[in-house]
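Undergrad: Sharing a structure with you now.
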């Protein structure tokens, strides 16, 4: 199909493509500016209210006793641990661990806030968790208010900031939850309404770098080669008996 470049439809598509490319370039420049300022790739998006409410309901209904490691769990896992211990030596396990660790070059940490916004930050697995807290102190709208991060389920507060992301099990990605360390007697609504992130960081919400569309390439039509018509063969004479030579004597 050959598109006529002079048609109005083609001109309209060209204008939309130019706008998309300009928006993509502007988004790319904004992402680059934020990365240069904070030292990491940042992305902001809004999580669905349903998933957030389900997670909150799960946290409210299930207590920490529900996820407690019992004696039955220990004896159920004991045969597996013994099998791994005798099948692989310590040197082999360390070599496998080092090989597995070398293959992971980045981890995407998603911090979910009470206002259903999520901040995604890319770290190297060898970086300390302290670097995540340091970054949040720079991007939060209220950096002077104490805060903490936790994982769920079960709800477990992240306290050891000297661990790297790999040792903490936060690779190749993880979801952590943000909460202000609310003082006793303070209004909870003041700490859960937001905004939690600075305006500059929130401006990244909804932005995405769209690759520039490639120009359509029109290929020349190849000539159709027709096969030569078959050569008609002369039909053999039917009913003609072979002639016996005179010199042949039976």
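Note: Cβ is positioned from N, Cα and C throughout, glycine not excepted.
Nobody curates TrEMBL annotations by hand; they come from automatic prediction.
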Undergrad: Looking at 179-214, 215-250, I want to know which stretch TrEMBL calls region 'Disordered'.
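TA: It is 215-250 that TrEMBL describes as region 'Disordered'.
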Undergrad: For the domain 'UBX' (102-178), what are the DSSP-based totals of helix, strand and coil residues?
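TA: Helix/strand/coil tally for the domain 'UBX' (102-178): 13 helix, 29 strand, 35 coil.
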